[in-house]
Amino acid sequence: MKIAMIGTGYVGLVSGVCFSDFGHEVTCVDKDPRKVDMLVGGKVPIYEPGLDVLMAKNVAAGRLSFTGDLKAAVDGADAVFIAVGTPTRRGDGHADLTYVMAAAEEIAEALSGYAVVVTKSTVPVGTNAKVREVIEKAAPGKDFDVASNPEFLREGAAIDDFMRPDRVVVGITSERAEKVMGEIYRPLFLREFPILYTDLETAEMIKYAANAFLATKITFINEIAGLCEKVGADVKQVSKGMGLDGRIGNKFLHAGPGYGGSCFPKDTQALARIGQDFAAPMQIVETVIKVNEEVKRRMIEKVMDLCEGSVNGKTVAVLGVTFKPNTDDMRDAPALTIVPALVGGGAKVRVVDPQGRREGEQLLPGVTWLEDAYAAVEGADVVVILTEWNEFRALDLPRLANSMNHARMADLRNVYSPVDAEAAGFEAYSCVGR
Ligand code: NAD
């Protein structure tokens with residue numbers, strides 16, 4: 001199959017590279033010339049483990065290329081995937097579909113023969129139908145179908161998620177489109193990964209419902225963690241005891257500083273807005289959004305409490321700012337709420353993150369960046385573990401404690417335990433739900 005992938009972000013680039021690895025001929029398009037230059041030069045503009053090697057392999061095999069020229073990429077393609085951003089629209093919480101619709105218009109002009117125009121971006125119910133309208137209006141008479149193919153990959157484990165998905169969801173309206181989509185995903189089908197064909201609206205809904213459910217699960221355990229702290233229970237064991245129940249499952253049950261990232265915050269907000277628009281309020285999701293904000297505020301209080309109520313003049317070392325490990329993505333990371341509150345409270349904040357600095361430098365003004373956890377913590381009054389990168393999971397705690405002005409730790413990912421911290425000589429240790 002000949003595929004054009006519009007957008008080379010976390011989803012578009014990973015999907016494009018993986019499709020080429022399936023044996024398809026893929027051209028990835030981006031309107032950001034800086035990204036295209038990097039990609040043409042063999043560099044990966046984002047941090048995603050394993051992507052550089054897989055990309056180089058498929059470029060060398062002649063199956064994968066990059067361009068800024070959408071028309072050339074779409075010409076003769078069997079399928080054109082839209083994988084552009086759908087951020088929260090300023091002011092009202094809706095998904096901003098400007099990029100999707102602009103891409104659809106450009107694709108319309110460029111279509112040269114029958115093709116399936118596939119939306120991979122996360123979009124509200126009804127968007128694929130609108131994409132069809134936009135194309136029909138911009139270029140009447142063109143031979144095409146639309147399909148909805150939401151993506152479920154996780155940053156940090158994106159290649160494995162794409163290559164070994166729990167399921168592939170494809171919304172279609174014609175047998176012709178089903179055939180093309182079936183051919184594209186055939187390598188997965190042969191390995192018996194389930195492919196679920198639905199109508200367009202159902203496919204669109206599955207993505208929002210799945211993300212909102214996962215955000216709810218995280219928020220549920222975060223709220224339980226708050227109660228555990230009051231009643232003297234240990235949330236880690238509560239999670240374990242709950243998660244061993246096959247009906248519940250152990251994933252997404254780790255208490256922490258609140259969910260963040262490029263999907264859950266914006267997708268929960270968009271789903272809440274869709275519910276309001278259709279007079280079917282998503283009351284659980286609306287509450288989840290509210291509770292998640294409270295969870296983040298509670299983390300700030302934890303750090304303040306460790307410093308006798310104020311961080312003014314204190315040196316705070318923050319380990320990790322990306323929304324989770326193994327990504328450089330800072331979008332809606334809890335750090336963007338917590339770190340500015342510490343800076344605003346008068347703290348001198350030092351930050352270390354293995355991949356977050358490039359993005360974080362613009363988003364977190366007033367902090368000092370360091371390359372190494374031990375250097376950041378030396379002489380500090382409190383250390384905050386905000387993202388559980390492997391680098392921060394096996395720190396020499398006695399060395400840390402010894403080097404600090406005040407040996408205090410806010411372990412917001414429950415990496416260590418009160419016993420570890422006390423044995424290492426920490427004078428105070430605070431974690432989540434224990
Ligand atoms: P991103 O912001 O990283 O990348 C989007 C890319 O599209 C950018 O490089 C941008 O320059 C490019 N672009 C925008 N308009 C274009 C156009 N007209 N022509 C060519 N290129 C264009 O976004 P992302 O994180 O990859 O997310 C893309 C979509 O996938 C979103 O809807 C998101 O909700 C969804 N999604 C994301 C993830 C994730 O983990 N990031 C997971 C599942 C689904």
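For all residues, glycine too, the Cβ spot is worked out from N, Cα and C.
Positions annotated as NAD(+) binding site by TrEMBL: Asp30, Lys35, Thr86, Thr122, Glu155, Lys266, Arg331. Lys266 (NAD(+) binding site) carries a helical DSSP state (H, G or I). All protein chains shown were included, and the count of other CB atoms within 10 Å of the CB of Lys266 (NAD(+) binding site) stands at 23.
Taken from TrEMBL, the feature substrate binding site covers Phe152, Leu153, Arg154, Glu155, Lys207, Phe252, Leu253, His254, Ala255, Gly256, Gly260, Lys324. DSSP classifies Gly260 (substrate binding site) as coil under the three-state reduction.
Marked as active site, nucleophile by TrEMBL: Cys263. Cys263 (active site, nucleophile): 25 other CB atoms within 10 A of its CB, across all protein chains.
Averaged across the domain 'UDP-glucose/GDP-mannose dehydrogenase C-terminal' (317-418), pLDDT for the predicted model comes to 98. Feature annotation from TrEMBL assigns domain 'UDP-glucose/GDP-mannose dehydrogenase C-terminal' to 317-418.
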Fewest other C-beta atoms within 10 angstroms, as judged across Leu253, Ala255, which are the binding-site residues: Leu253
Annotated recorded positions Thr86, Glu155, Ala255, Cys263, filtered by Cβ under 6 Å to ligand 1: Thr86, Glu155, Cys263
Integer Cα-Cα distance in angstrom, Thr122 (NAD(+) binding site) to Lys207 (substrate binding site): 7
Other C-beta atoms that fall within 10 angstroms of the C-beta of Gly260 (substrate binding site): 24
